[in-house]
Every structure is written in C-alpha cells, then in structure tokens.
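Engineer: Not my notes, these are from Swiss-Prot:
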type	residues	note
MOTIF	43-66	motif 'Twin CX3C motif'
DISULFID	CYS43-CYS66	disulfide bond
DISULFID	CYS47-CYS62	disulfide bond
MOD_RES	SER57	phosphoserine
MOD_RES	SER87	phosphoserine
MOD_RES	SER94	phosphoserine
MOD_RES	SER96	phosphoserine
Amino acid sequence: MDSSSSSSAAGLGSVDPQLQHFIEVETQKQRFQQLVHQMTELCWEKCMDKPGPKLDSRAEACFVNCVERFIDTSQFILNRLEQTQKSKPVFSESLSD
C-alpha cells in the first residue's frame, strides 16, 4: 500500500464502519497478493535456470526452500515489528488526553 492509499484510508473516520472494514480487508488482500508476487519473482529468478517441460528435483527443492525461507523471514519481521510497536508509548493516545 502506498502513502496516498494510507492517507485516504485514514481520512475515512466519518465513513460507515462496514465500508471502512471492507476497505481494510481489501487492502490486506492487496498486500498479500503483492507479497505472493514478490515471492514468486524472487524464487523464480533464484531457482529456474532453464524452463523446461518438467520441474527437475533440484529446482523443486530450491522452490520449496525459497518459499519456506521467505515465509520464515516475513514472520520474523512481523513479530519484530509487533514487539517494537508494543514497547513504544502510543503518542496518539497521549496527544488526545
């Protein structure tokens, strides 16, 4: 999601909560699709030497490993961001008081 999309979504405070939820869900779907596209491109470049009629065992193992490492790394980053976010004081709450 780019900054214009996030600023548009942030300005939806007066919009119907169902619409806001729908937009959030669609944004999450878009992020997931972008992630899958990035993973596919990365693993394809890394694992496919010469496309052929069949996937050889080396390429198959490479794809499996690539996807697993990508998922592990993504999960690690998400967990780290979550920990960082929990440890920082929430400025928006303190500003509204």
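The backbone N, Cα and C atoms fix where each Cβ goes, glycine too.
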Engineer: Count up the helix, strand and coil residues in the motif 'Twin CX3C motif' (43-66) according to DSSP, in that order.
Structural biologist: 15 helix, 0 strand, 9 coil
Engineer: Averaged over the motif 'Twin CX3C motif' (43-66), what pLDDT does the predicted model reach?
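Structural biologist: Summing pLDDT over the motif 'Twin CX3C motif' (43-66) and dividing by its length gives 91.
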Engineer: Which one is it, among the recorded positions CYS47, SER57, SER87, that lies nearest to CYS66 (disulfide bond) by Cα separation?
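Structural biologist: Nearest in space to CYS66 (disulfide bond), counting only the recorded positions, is CYS47.
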Engineer: Would you mind checking how many other C-beta atoms are within 10 angstroms of the C-beta on CYS47 (disulfide bond)?
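Structural biologist: That number is 18.
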Engineer: Would you mind sorting out which of SER57, CYS62, SER87 (the recorded positions) have a C-alpha within 10 A of the one on CYS43 (disulfide bond)?
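Structural biologist: Candidates kept after distance check: CYS62.
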Engineer: What is the interatomic distance between the Cα atoms of SER57 (phosphoserine) and SER87 (phosphoserine), given in whole Å?
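Structural biologist: It is 45 Å, counting Cα to Cα.
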Engineer: I'm trying to understand the geometry here, so how far is the Cα atom of CYS47 (disulfide bond) from the Cα atom of SER87 (phosphoserine), in Å to the nearest whole number?
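Structural biologist: Just about 39 Å between their Cα atoms.
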Engineer: What is the number of other Cβ atoms found within 10 Å of the Cβ of SER57 (phosphoserine)?
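Structural biologist: Taking all protein chains shown, SER57 (phosphoserine) has 8 Cβ neighbours within 10 Å.
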